[in-house]
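**Student:** Annotations for this protein, taken from TrEMBL, read as follows:
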DOMAIN    29-273  domain 'Radical SAM core'
BINDING   Tyr38, Gly98, Glu131  S-adenosyl-L-methionine 1 binding site
BINDING   Cys44, Cys48, Cys51  [4Fe-4S] cluster binding site
BINDING   Gly99, Thr100, Gln158, Arg170, Asp195  S-adenosyl-L-methionine 2 binding site
Amino acid sequence: MKNTGDKTISIAGTQLSPQTLLQPTESIQQLLETAALYLHIPFCHTRCYYCDFNTYAGILPLREAYVRALLTEIELAGQMARTTAGEKRRSRSIFFGGGTPSLLSVAQISRLLNACFSSFAVDKDAEITLEANPGTLTQEQLFGLREAGINRLSMGAQSFSASLLQKLGRIHSPEEIVQAVSYARAAGFTSINIDLMFGLPDQTMQDWRETLERALELGLAHFSLYSLIIEEGTPFYSWTQSGKIKPGDEDLCADMYEYADELLQKAGYINYEISNWSLPGQHSRHNLTYWQNLPYIGMGAGAYSSFAGKRFSNELSPHEYIKMLKARRLPAVESEDIAPEQAMAETAFLALRTAAGLHLPTFEQRFAKTFAQFVGDRLRMVEEAGLLEHEDGWLRLSKRGRLLGNEVFMRLLPDE
Ligand code: SF4
């Protein structure tokens, strides 16, 4: 993917960069003691043709049993995650993802949130996001969600072209996106994200321009832009194999990314991570947890966790998941220890994907080793080739490095 190089923008005459905006306000040791909470809601009305998430159509009657199972998992996970002093684990963010969490009732969301509040020490100003499908939202529901404590909405808008939405198998229209945003605003939501997709079969640059222009007119706090990846097992995959659809052209896809980045930056948005742009101060705290390689606990069918030096994932099937929780068993089915060298490589890899890059003093505080000691001379060639740049204690990919990121990433892991 292409990207523009200079990420510094000027607001009210002050130069702001992702580095200054994303500088943690707490020490890394404090942040490592927290856990972001992710709750997976695996229900959808229908399956979009490109989707390979762990989500199912046709199991809506399972919702209440699933919510009860999730309530049990939250309680068990809260006990598992207690601090060495036996206190509740602090959490700075909660994220309801899916699937389509907006298919749960407000009362169900509220019960799940209250369970998080009683099993974890959730910050008073925690970021609490709910993913929603524009076609499933009502005004009343949004008032209820806001009152229940949801303070950030993330909507899968994907496109403002009615025909592309149809080709993707989405259930909403462009007008429903605009309506959902206006309902959300009326309900008091100020932190709203929409996801948009590019590199779609048959999508032209003109389609993409129009989508971005209509998206910008909404004046939202945040945009996530993703290029379509055709995953095995999806209808899009078989249609590509049979020639029914043609994947988006790679060069066009890179141009679309570059166009979007320029347009959004001109409008005052900061590209703080490869796929994410926000107005200053409106970046997603929860998503940054992943890029900063901080602990998170995923709950629900198929959810992933990275906590206490281990990575684990839950049972995928909602039916099996419910059975396990009925028996009050934690539903993790796979688990691996994260070796220190692997944790260092992953921390560097994830940070280099952000516009801010890797903060070297924080790396040293975290691992009691400098980045230079960890990496030795493995990055010498890519540094000499101009793929990396240093600035005030930060290491980040240069403009050229962003195009050739894999050359850098593959050198981070120590040789066997
Ligand atoms: S709404 Fe989202 S989670 Fe559900 S099928 Fe479509 S892309 Fe997948």
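Every residue, even glycine, has its Cβ placed from backbone N, Cα and C.
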**Student:** Drop a 10 Å sphere on every Cβ of the binding-site residues Glu131, Asp195 and tell me which sphere holds the fewest other Cβ atoms.
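**Tutor:** Per-residue Cβ counts within 10 Å for the binding-site residues Glu131, Asp195 bottom out at Asp195.
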**Student:** Among the binding-site residues listed here (Tyr38, Thr100, Arg170), which has the Cα closest to the Cα of Cys44 ([4Fe-4S] cluster binding site)?
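**Tutor:** Nearest in space to Cys44 ([4Fe-4S] cluster binding site), counting only the binding-site residues, is Thr100.
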**Student:** Listed binding-site residues: Tyr38, Thr100, Glu131, Arg170, Asp195. Which have a CB under 6 angstroms from an atom of ligand 1?
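**Tutor:** Listed by sequence, the hits are Thr100.
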**Student:** Please state how far apart, in Å and to a whole number, the two most distant Cα atoms are among Gly99, Thr100, Gln158, Arg170, Asp195, the recorded S-adenosyl-L-methionine 2-binding residues.
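**Tutor:** Binding-site diameter by Cα atoms for S-adenosyl-L-methionine 2: 15 Å.
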**Student:** Could you check which of the binding-site residues (Tyr38, Gly98, Gly99) sits closest to Cys48 ([4Fe-4S] cluster binding site), going Cα to Cα?
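**Tutor:** If we rank Tyr38, Gly98, Gly99 by Cα distance to Cys48 ([4Fe-4S] cluster binding site), first place goes to Gly99.
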**Student:** Sort out the sequence-distant neighbours of Gln158 (S-adenosyl-L-methionine 2 binding site) for me: same chain, 6+ apart, CB within less than 8 Å of its CB, listed by position.
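**Tutor:** For Gln158 (S-adenosyl-L-methionine 2 binding site), the qualifying residues are Leu164, Leu165, Leu168, Arg170, Asp195, Leu196, Met197.
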**Student:** Taking the centroid of the Cβ atoms of Tyr38, Gly98, Glu131 (S-adenosyl-L-methionine 1 site), which other same-chain residues have Cβ within 8 Å of it?
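**Tutor:** Output for this site, in sequence order: Leu39, His40, Ile41, Phe95, Phe96, Gly97, Gly99, Pro101, Leu130.
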**Student:** Relative to the mean position of the Cβ atoms of Cys44, Cys48, Cys51, the recorded [4Fe-4S] cluster site, which additional same-chain residues have Cβ within 8 Å?
**Tutor:** Thr46, Arg47, Tyr49, Tyr50, Phe53, Thr55, Ala57, Gly169
**Student:** Fill in the CA-CA distance, Tyr38 (S-adenosyl-L-methionine 1 binding site) to Thr100 (S-adenosyl-L-methionine 2 binding site), as an integer in Å.
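**Tutor:** A Cα-Cα distance of 14 Å.
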**Student:** Once the DSSP letters are reduced so that anything not helix or strand counts as coil, what is Thr100 (S-adenosyl-L-methionine 2 binding site)?
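**Tutor:** Once the DSSP labels are grouped into three classes, Thr100 (S-adenosyl-L-methionine 2 binding site) ends up as coil.
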**Student:** Please give me the CB contact count at 10 A for Cys51 ([4Fe-4S] cluster binding site), counting all chains in the structure.
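**Tutor:** If we count other Cβ atoms within 10 Å of Cys51 ([4Fe-4S] cluster binding site), we arrive at 19.
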**Student:** Near the S-adenosyl-L-methionine 2 site, what residues other than Gly99, Thr100, Gln158, Arg170, Asp195 in the same chain have a C-beta no further than 8 Å from the centroid of the listed C-beta atoms?
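**Tutor:** Result: Cys44, Cys48, Cys51, Glu131, Asn133, Met155, Gly156.
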